[in-house]
Amino acid sequence: MTLKPVQTLGEFIIDRQDHFKYATGELSRILSAIRLATKIVNNHVNMAGLLDILGDHGEENVQGEKQQKLDVFANNIFINTLSQREVVCGVASEENEDFIAIKSSKNQDSSKYVVLIDPLDGSSNIDVNVSVGTIFSIYRRVTPSGTPVTLEDFLQPGHKQVAAGYVVYGTSTILVYTTGHGVNGFTLNPGVGVFFLSHPDMRFPEKGKIYSINEGNYSKFPTGVKKYLKYCQEVEGDRPYTSRYIGSLCSDFHRNLLKGGIYIYPSGTNSPNGKLRLLYECNPMAFIAEQAGGKASDGYRRILDIEPTSLHQRVPFFCGSKDMVEKVEEFMKE
Ligand SMILES: O=P(O)(O)OC[C@H]1O[C@](O)(COP(=O)(O)O)[C@@H](O)[C@@H]1O
Ligand SMILES: [Mg+2]
Ligand SMILES: [Mg+2]
């Protein structure tokens with residue numbers, strides 16, 4: 001077996017100084033914290049059945065969802081590693097009701113960034129050994145350096161993100177991120193504990209033919225979504241549409257990015273704004289989707305233009321190949 005001679009994630013960041021409009025060292029310090037946390041979470045995901053980190057944690061999170069032990073474990077790991085890098089002044093997480101202000105041991109001024117995170121995405125898959133992930137979104141703070149971080153630093157529209165990414169803990173552990181200059185994927189070599197560039201310049205294929213949606217909620221879908229599904233299921237021709245649903249946003253998104261497809265989590269009668277959270281699921285995935293030539297909307301509005309009003313607000317989410325998102329938007333507008 002010969003390994004392809006490729007760049008490490010660290011070398012990639014240094015080589016592309018121009019990809020980060022601020023001091024590259026600051027981004028590499030944030031990504032190095034995320035890399036470290038990802039390796040630790042990956043290690044525990046891979047042997048969760050041998051550790052006491054499967055099953056319910058016994059509490060609910062702010063979303064009213066039963067926290068899994070691995071949700072809590074991953075959350076603690078990401079928050080601890082991000083807190084020690086002296087460039088992050090605040091973290092908001094799916095698993096914490098409020099944001100966490102991080103006091104810099106040095107001068108407060110060095111901490112210019114806030115990170116929003118879904119530490120463990122796809123929680124329903126943990127106990128059944130199906131892939132899960134992590135999603136992160138990075139902003140520059142908007143309040144003055146040297147002052148305490150405030151909610152305003154977190155409630156920024158998605159087009160202000162300076163970087164965003166996701167990790168899939170799957171058959172491989174892959175970290176995919178963007179800083180607004182395209183999308184690149186890195187695969188972890190667990191033998192040496194290093195991420196290597198494996199998916200340079202990722203782009204959605206021109207046409208998508210895969211749709212990912214939980215059809216168990218069909219009766220609650222908006223009419224436009226029902227019409228779109230009927231369209232997908234009735235199209236004749238050379239390449240019929242295919243339904244694929246893993247149940248973890250990161251994994252469904254990643255497959256659609258590689259093969260061409262759309263992920264839909266619409267509003268439903270019992271969830272008027274859908275299930276996914278704008279700040280740490282939809283915005284980062286929308287940033288990546290647009291950078292890879294795709295599109296992301298709530299069925300009507302560009303996700304990245306939505307002005308947030310609360311940390312855990314939910315939005316309907318249509319994200320993936322541009323042709324597929326635009327087609328379903330046509331049905332939503334009828
Ligand atoms: O089980 P459902 O309702 O289809 O929802 C699945 C969706 O919910 C999520 O698991 C929500 O994310 P969390 O697991 O981080 O709460 C997505 O990853 C996934 O796409
Ligand atoms: Mg999630
Ligand atoms: Mg989660």
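Cβ atoms are placed via backbone N, Cα and C, with glycine included.
As written in TrEMBL, here are the features:
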type	residues	note
BINDING	GLU94, ASP118, LEU120	Mg(2+) 1 binding site
BINDING	ASP118, ASP121, GLU281	Mg(2+) 2 binding site
BINDING	ASP121, GLY122, SER123, SER124, ASN214, TYR245, LYS275	substrate binding site
DOMAIN	8-200	domain 'Fructose-1-6-bisphosphatase class I N-terminal'
DOMAIN	205-333	domain 'Fructose-1-6-bisphosphatase class 1 C-terminal'
Substrate site, defined by ASP121, GLY122, SER123, SER124, ASN214, TYR245, LYS275: further same-chain residues with Cβ within 8 Å of the Cβ centre:
ASN125, GLY247, SER248, LEU249
Conformational class of SER124 (substrate binding site) under the three-state DSSP mapping:
helix
Quick one: mean pLDDT on the domain 'Fructose-1-6-bisphosphatase class I N-terminal' (8-200)?
90
Please list the DSSP helix, strand and coil residue counts for the domain 'Fructose-1-6-bisphosphatase class 1 C-terminal' (205-333).
58 helix, 22 strand, 49 coil
Judged by the number of other CB atoms within 10 angstroms, which among ASP121, GLY122 is the least packed of the binding-site residues?
GLY122
Counting across all protein chains shown, how many other Cβ atoms sit within 10 Å of the Cβ of SER124 (substrate binding site)?
13
Specify the count of other C-beta atoms within 10 Å of the C-beta of ASN214 (substrate binding site).
14
Considering only the binding-site residues SER124, ASN214, TYR245, LYS275, GLU281, which residue has the minimal Cα-Cα separation from ASP118 (Mg(2+) 1 binding site)?
GLU281
Which binding-site residues from the list LEU120, ASP121, SER124, TYR245, LYS275, GLU281 come close to ligand 3, meaning a Cβ under 6 Å from one of its atoms?
LEU120, ASP121
Specify the count of other C-beta atoms within 10 Å of the C-beta of GLU281 (Mg(2+) 2 binding site).
27
Can you figure out which of ASN214, TYR245, LYS275, GLU281 (the binding-site residues) comes closest in space to LEU120 (Mg(2+) 1 binding site), comparing Cα atoms?
GLU281
Among the binding-site residues listed here (GLU94, ASP121, GLU281), which has the Cα closest to the Cα of LYS275 (substrate binding site)?
GLU281
According to DSSP, which kind of secondary structure is GLU94 (Mg(2+) 1 binding site) found in, if we only use helix, strand and coil?
coil
Structural state of ASP118 (Mg(2+) 1 binding site), classified by DSSP into three states:
strand
